[in-house]
Structure formats: C-alpha cells, structure tokens
Amino acid sequence: MMEEEELEFVEELEAVLQLTPEVQLAIEQVFPSQDPLDRADFNAVEYINTLFPTEQSLANIDEVVNKIRLKIRRLDDNIRTVVRGQTNVGQDGRQALEEAQKAIQQLFGKIKDIKDKAEKSEQMVKEITRDIKQLDHAKRHLTTSITTLNHLHMLAGGVDSLEAMTRRRQYGEVANLLQGVMNVLEHFHKYMGIPQIRQLSERVKAAQTELGQQILADFEEAFPSQGTKRPGGPSNVLRDACLVANILDPRIKQEIIKKFIKQHLSEYLVLFQENQDVAWLDKIDRRYAWIKRQLVDYEEKYGRMFPREWCMAERIAVEFCHVTRAELAKIMRTRAKEIEVKLLLFAIQRTTNFEGFLAKRFSGCTLTDGTLKKLESPPPSTNPFLEDEPTPEMEELATEKGDLDQPKKPKAPDNPFHGIVSKCFEPHLYVYIESQDKNLGELIDRFVADFKAQGPPKPNTDEGGAVLPSCADLFVYYKKCMVQCSQLSTGEPMIALTTIFQKYLREYAWKILSGNLPKTTTSSGGLTISSLLKEKEGSEVAKFTLEELCLICNILSTAEYCLATTQQLEEKLKEKVDVSLIERINLTGEMDTFSTVISSSIQLLVQDLDAACDPALTAMSKMQWQNVEHVGDQSPYVTSVILHIKQNVPIIRDNLASTRKYFTQFCVKFANSFIPKFITHLFKCKPISMVGAEQLLLDTHSLKMVLLDLPSISSQVVRKAPASYTKIVVKGMTRAEMILKVVMAPHEPLVVFVDNYIKLLTDCNTETFQKILDMKGLKRSEQSSMLELLRQRLPAPPSGAESSGSLSLTAPTPEQESSRIRKLEKLIKKRL
C-alpha cells in the first residue's frame, strides 16, 4: 500500500515538474551544469549504471550512498536558506514602491513652483517693455511718414519737371526722370484713394501719353511713310526718344519699329515689283544683294540710334524674308508654267545660302514671337546642309561600303532661319520630283544599254563577288536626291521622292538584275551510258559557262548590297522626313524584291550543278548492277559527279566570298536537291546483286564524304562546314546507306529481314519497302507476304522493334553474308 502511494506521489511530482523545451533551454543557458542529475532527460537506470559499471564496484555502494546523502543534505540546506531569504521580499518591494511615489510627488511640486516663477517673470518683462514697444511703433510710423512725404515731394517735383521737359523735347533727361517717377509712383498704389495722389498719378499717365504721341510724330517727321528718307544720319533727339520708348507702353516701341522697317523696305517693294524683270527667279540674287547692302547701310547710319536689345538689323532682315516669301509665292503662282527644274533649284540654292548667311549673322531672338516656328519645324539634327557637303569621291567610297552616311562630324546647331523664305518653293517641288523621275528613268535605260554594249563583267577571282558598278551609281544618285530634297522640304515632297525611289529600285531589280540572269535549257534524253560518262574538263554538260556563273554570283552580290543599302535608305528617309509622315516610309516591298533576286540566283546555281550531275545519276540507274562481279574503286558516275562539283563549287565560292551566308545557302539547297534525287535514282538500280549492292554502298559513302567537304572543296583554306549543312548531308546520305544495307541483307527468314528494315530506316513505310524488294529482284508473290508481315509489325513501338531487331544484319545472318559486310566496311575505312 505504501509503495503504491509513493509511486503515485512520484508520478504527480514528475507531472508538476514537466517543463517545456523552451523553458528547459533557458534554464540551461542561465545555470549551466555538467551534473547528469540536472539534465532534462535524466535516466535513473543509466545513472546507476555509470556509478556501478561492474559487479565488483557494488562493494563500494555504502560509500556512494553516504556521498549522495551528504549532497542531499547540502541541497536541503541551500533550499531552506533561499526560502528564508524570500520571506521578506514582498514587504521590501511595497516599501520601495511607496518611497518612489513620494519622490514623484515631490518632483511634481518643484516643477509647479518653477512654472509659477516663470509666469511671474514673463509678466514683469511685459510691464517693463510696454513703454518701449510704444516708442518703437511711434518711431516706425514716423519713419514711414517721413519717407512717404519725401516720395510725395519727389513725385510732385518729378511730375512738374517731366511735363516741362516733355514740352521742350528733352528726351535724354526725360528717360532718366520718367523711370524714377514710375518707381516712386509704385509706392503710392495703396494711397490712390487720396485725391491729391490720384491727381498726380493721372498727370503721369497724361505725360506718358503725350510723350508717346510726340515721339511717334518725331519719327514720322524723320522717316515719313511716303517719300524718300531725309539725308544725313539720325539725330540725338531720336536716339534719346528710343530710350524713352523703352519705358513707355510696349505698343509705342512696336509702332516705332514697324514704321521704321516699313519705310526702310519701301524701296525694295518698288524695285522688285511683280512686273519688274528683276523680280523673277533667275535674278533672285539681286534681292539678297539688296538687303545685304541695306543692312550695311543701317549699321553705318542708324546702328547707334536704336538700343542694342531692339535687334533692329535682325528685325529688318526677318521682315524682308516675310515680304520676299510672299512676293515669290505670288509671282510663282502667276508664272508657274515658266518654272523649270534648273531655275527652281538655282533659286532654292541661293535662298538657302541666304538663310545660312542670316544664321551666321543673327541669333534669331526676334523669331520667338513670329511665324517662323509655325512655318517650319524640321526634325532636330537632320538637316544635311548643316554638314559639310561630301565630295563625289567620298560619296562613291561610302556607297561601296554600303553606307549612305559619311563619317559623322559634330553637327552644327539648328538654323533658326531655315525655311523662312525657302518655304514658298514647296508647292512647286513637283517640278523637281518630275525631273528626278525622268532622270532616274534615263539612268536605268543607260544602265541597260551599257550592260548590253559592254556585256557581263569579266571573271576575276581576285575581285570575286563585286557588285555591278551601276548599283553604286544608282545609290550615289539616290543620296544626292535625298539630301537635295530634304533641303527643299521634309514634308510631302519627300514622300513623293520616296515613291520615285521605290519605282526605280524595282525597275533596277527587274531590268538590270533579274533581266540579265542566264536562262536554263533542258538537255535531250536518249543518251547511252558511255556518252553520259564521257565528261572531262571543258565538256558541255554544265549548262552555264564560267562567265555566266560569275555573272550570276555578281548579280547575287549586287542584290545583297541593294537589300542592305535599301534598308539603310529607308532609315535615312525616316530620319529626314517630318515625324508625322514617318509611317508612310516603307521600302519592305523593294527589299523583298531583292530577296527574290537572291533566291532566284541561288536556285539557278543549284539547278546548273544539279543538271550537270543528272547524266551521271542516269548512268548509275542504267548500269547492270546484277552483273557486277567484284567490288573495286569508286564507279565512273561518282567520278563524274565529283568532277562537276570541283568545277563549279570553287568558282561559286570564290565569287561569293563577300557573301558567305549565301554560299552556305547554295550548299544547303544543293544538298536538299541532290540527295533526294540520288536516292530516287538509287531505287531505279534493279535488280542488284550482293556485290553490286556493296559497290553502290561504297559509291554512296564516297559521295557522302564529298558532300560533307563541299563548302571547302579544292580550297587552300579548309573551313569546318556549317553544322546545319552537315546535319542535312549526314541525314540524307545515311538514309541511302541504310537502304543499301537492307538490300544487302538476306530476305530469309522474313521476320528478321522486316525487323532489320524497321530498325535501319526510321521513316519506314510500305512504299519504300516495296522499292527495296524490287531492287533485290524478288517476285511479286514473294513480296506480298513480306508486305503483309511489315504491315503487321509497323505499329510496334520503336523499343520493341529494336529489341526484336537484336537479330541484326550481322548476328542472325549466315556467316558468309556477315563476312561480306565486314569486308566492305574494312574497304571503306582503308579508303578513308
């Protein structure tokens, strides 16, 4: 009974003392201990075993028990000491809290005393300084009153003096005095309710009005609207009057400027009236020479009369430009039928030169409030005439490099006067566009005539792949037209010129490039094997001569150059045309045309080499392969194919050296054309003996090696063939080899033969299978059962086919057949 109670007590104690892992970890960190009794996972059995590891150690059990009891007594003493120490902790805490509260109350009392003393000090300071503030206010008001009285005295005296000086036209003194009076009057805006102040303000306004009318009358007298200018330079009175006008209402200044410029240009309107001979475009230089003389005359006579900030010389020039633009537009509308392209370009050139002269002479500061910005807003940094005009030699060099731009120099700032006069020519630029249409048509006709007269370019391996000279000439002319037209306008005329460019790019592609590609001819059939194989260097089997092959390559290189340059041309046109018209610039159709020429050229080269190899393939299919008795060197038809490849490919490669990617395209297209054709002729070789199949397999491997080496054949520099091309050749020729391996395999047992076919040819089908059976010379009755077996086994997955196909060509076949294939493979390796 006692034992049960003790067990229950221990369980309750363990349940009460069960701590969470976090608490246990915290205790271990605060009170680190190496004693096993302090561990949370204490195990009494393990602890006893450590104390008494052997039976012999039990002899010391009494000593160990005494030590443990002594340790327990020490722990009990420590616990009692700690418990007694905690008896008065609560009382001590309450006492400390009461002391803290008393200290806080004392602190609040001291703070309140300090606050009361501060308020008393503030009140004392206010009482002390009350009289001083009143004195400060009095001083400030007195100062303001004195200042206002002084201003009033100055204003009254100034108004009297201003009225007197105005009557005596003493503008020099008036200019200084008026500005002072205006400044003083600003101080009295808040006193306008006082009658005397309002009266003085009205007198100032009246004096300003009188000054304005008086100055305008003086200028009208000095520079009358009707009649000629009075001799002699300007008077000092007018110079001082301009200083006064600067202070008066801005309308007075504008009226003076308007009257002076109108009087200054009155002679121009008379000299260059519409009915005068000098008014026409052919004498446009005289207009600009006249204004240049007038500007010089102005600087000499009137340069010091007007303030510098008025920019009178620039204003005269700008007004001259506006008048000239209107007069030229009117006279060109009247005499539109007399405008010729040379005359128009002459006038535009002289006008743009004059606008450039204005840009160098003046800053354009007077144009901010004018109409120029509305007239012309060219895209930034695209005016070609702000750059140095390149020489024709530089243009040709740049064009040959495929770039329409010269090495760019730092661009000059925009011309603020661009278009201020030349804008009037834009409605008549159709004359220029029509002229360029005619000139380009004649240029294309000349290219055609020159090609017929001079013939195709002479073959030259050192300059292989050079573009036709006419191409460079065309784009040089295009650049000249584009630069010239962008000088004239960046609006609709540029769109019209782009349409002309498109027209003659297509004509060049059709008449010069496509029109001069050699035509292919078909060869006659019915030739014997011996005649088909009589092919030596210089034979007529190849359809194109050396000159024709070079011509095709030149046309291809030219088309590639045109394609790249047309793309650059489109970009430059978009740079130069107005932003709102960029979307209407699109030369994609013309680039597609040149791409078509490139494709046609490559196709011609492929067809030519393909056709040259046709007789050899025909000879292959006509040979009696069942009569071949032994495997020898490569067959004559293989030698013939290799001969044609070595004749054509180096020529094409050398002439397409500058367009390597299109030579690669040629190789790929030839492989895609030749290999299927070779396999087609391979199926025609029937029936075939075992030895004949071995010979064909050897020939096929030889052709495969030649095709893999095709891109660098007969080249001193051996380059690795492109991976895409190698993949096509390996895939196609490996299929041909697999077909021959199937042909070489015995057709019995049937299951093994069919499984071999499925294994070796991944694209296996009944049609190919029947062709292979025909090559083996099997009868139709034998073929039917084999075809039926193939149909049954085709749906099987590739893995099953491979597992069943473990009966490979060598393993399940008779010993004699496997030895033949091994011999053939050794022969191929020996040749390599």
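Glycine too: its Cβ is placed from the backbone N, Cα and C atoms.
Swiss-Prot marks one residue of THR20, THR391 with the annotation phosphothreonine, and that residue is THR391.
Swiss-Prot marks one residue of SER377, SER635 with the annotation phosphoserine, and that residue is SER377. Per Swiss-Prot, the residue from the list SER363, SER435, SER580, SER599 bearing the note phosphoserine is SER580. Its Cβ placed at the centre, LYS110 (N6-acetyllysine) has 9 other Cβ atoms within 10 Å. On a Cα basis, SER580 (phosphoserine) lies 30 Å away from LYS360 (N6-acetyllysine). Here the CA atom of LYS110 (N6-acetyllysine) lies 82 Å from the CA atom of SER580 (phosphoserine). The Cβ of LYS360 (N6-acetyllysine) has 8 other Cβ atoms within 10 Å, all protein chains considered. The Cβ of SER580 (phosphoserine) has 8 neighbouring Cβ atoms from other residues within 10 Å, across all protein chains displayed. Confidence across the coiled coil (97-138), taken as the mean pLDDT and rounded to a whole number, stands at 85.
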